[in-house]
Structures are given as C-alpha cells and as structure tokens.
Amino acid sequence: MSRIYNFCAGPAMLPAAVMQKAQQELLDWNGLGVSVMEISHRSKEFIALAEQAEVNLRQLMNIPNHYHVLFMHGGGRSQFSNVVNNFLGDHGRALYLVSGQWSQSAVEEAQKLAGEAQIDALNIVTKADGLNQVTLPDLHSIKKDYRYVHYCTNETVDGIEIFDELDSPWPIVADLSSTIMSREIDVSRYGLIYAGAQKNIGPSGLSIVIVRDDMLKLASLPQSSVMDYRIAAENGSMFNTPPTFAWYLAAEVFNWLKGLGGVEVIAQVNQQKAQLLYACIDDNSFYRNGVAKQNRSQMNVTFQLADDSLDSRFLAEAERAGLVALKGHRIVGGMRASLYNAMPLEGVQALVTFMSEFATKHS
C-alpha cells in the first residue's frame, strides 16, 4: 500500500512509530498479557506510566515546578467551561481576545455560563491590504480588574497564529490546543494553559491543563467535582477513571518527541514545512492565502484556488495521490493543510509537488 499523508485538522495523524508500537503491544502491554486499555488506572503499572508521562511533558515544555500538570477528560471545548467554572465565581470578570472561530466559541461559552456582564470580548483581527492580521492590544492601558485574560494562540479554522508573546497585568489563560509542543514557549508567562490532545499530543478524548499554583489556590468552587482543577491536582488526575488509552498514547508521543530531540528540533522542522507550502502558494497565482505573513499559521495552512469550481477536482485528485483531508472548514471553505508535529516533511513535499502539477494542468 502506498503512503497516505493525512492533513486532517483533528483528530490528526499520529506519528507512525507510535502507531506501530501501539499495534505491537495492543494485546500484551508491558508483559502483563493484557492491553493497557484493560488494566486499572490505579495499578502500579499504569501509575508509573502516568508519572513518567508528566515528567517527560515537563521536560519537553520546561514546565516550572510551581505548575500543576493535569490530564483531564474531554477536548478544548470542555476547558472553555472549566476555566469559567474554576476562576470567575459569581462576580469575577474576564477579558477574551478574539482572533477567529475558536476564541469566539470560548467567548460564547463563557458568556453562556457567567453572563455577558462578566465577559468582555475584544476583537484583535483587522484587515490590511485584504489580509487578516493580528494586533495585540496594550492591556496595561485597560483600567479594569479581570480575573484573567483568555486567548487562543492558533486558529485552526482561519489559519491565523499569534507568535508574539502577550503582555498582561492579569493572569493569562491560553488555548494551545493546536500549537502545544510545536514550538518553544515560556510557560512561566501563563497562569493556565490548556490543550485538547487530538492535534499534537494523541487521540481525542484527553486534554492537558498546565496551571500555576497561585491560580489554583485562588480558584472558586465549581459545582461539578470532575471540573474542579484542585480536585484533579490533589488526585493525580485520577479522581474519576481517566481516558487511559489516550493517556498511554500521549505518553508514547512524548517519548517519540524526546527521541527526535525535543520541541526545539521539531519546531525547526515545522517551520521548514510551513515555509515550503507557503512558498508554493505565493509563487503561483493559481493559489492564494488570506493571512498576513506575520500571522500565517504554521500548523494550519489555509488556501483557496483562484477558480473555486476546481475545488472538487483538486480534492479528488489529491486523494488519489495519497493526500487526504485537505478540504477547508465548512465556515471558510477552500483548502486546509494541517502540518502538526506528526506530519513528516516528505508529506508536505508530496503536497507541494501535487499542487504545482495541478496548477500547471489547469491554468
């Protein structure tokens, strides 16, 4: 069977080496004669796996000791609710920066739970020369008392990524679902980081929360115990049965990334992949991208064909060439190539070759 390159935005492709290892030990993990899916999450074997996974994640992201690492149920949307329920209380206020579809969804969930009076939303995307660009606001000039400011580092639907560090007088809560471990960040700048697993960490059903100790101590009491970050921290993320197979695969992805040389190394590969694809788009009038260069996403490259009547043919021929899941999100249309950590450089090279040949054939 010829190689298939999966450009899905999420659930996304996993590293081939991780999938092969999971396949090999699916029925007999760690010499136990049973699958890792079948053992107790409180067994000494699984607890050892969980503890090592946290150690590896801390090393990969250089997470300071005064931060808690939580492995929680659900994806990024579940944390939209959890953040509000843990930190706003009855009278707290929060500021949400809106840069695209996902940050807007976070606003809507927060306003649904806390009410519009407690949630301020600030759009930070403008157009210049027909291109979307992000302008980070001067938050120190805003004379309000917020519990936190929330933003999303990468908008997977819109193809917009924020590379500049946010400077804030209030704790920063960041949705890193699609950029976590794709490039180096300074974790100490954040009060809380959350990320759904299904892009750069593992399969869906798991989310990672990295929360600073002082924020955890100031948290209000959510109505639901399974949403309570403090309870999760006090119980090693095992207050209730966790998604053990997703946790296991995340642990294997951490091992894989460490074996490559860590985030510093994969960041260079990711930059190379994105530059290669954007160069193909920019060098050919057959394709176009609508994002200013300084905010073009490295993880989710969105583009349109000059003649959108060819969209269906492009997708069909790409699939026959082993390049799948390139259809853009239904809200924006066009095409989208997701280049998460597991996407090899060879996959992007194959896509660029196909795009060049398709443009030549249909120009």
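Quick reminder: no glycine exception, Cβ is built from N, Cα and C everywhere.
Annotated pyridoxal 5'-phosphate-binding residues in Swiss-Prot are Gly76, Arg77, Trp102, Thr156, Gln198, Asn240, Thr241, and among Asp129, Asp175, Asp282 the one listed with them is Asp175. Geometry remark: Thr156 (pyridoxal 5'-phosphate binding site) versus Lys199 (N6-(pyridoxal phosphate)lysine), CA distance 10 Å. DSSP assigns Gly76 (pyridoxal 5'-phosphate binding site) to a helix. In the structure shown, across all protein chains, Thr156 is the one of the binding-site residues Thr156, Gln198, Asn240, Thr241 with the greatest number of other Cβ atoms within 10 Å.
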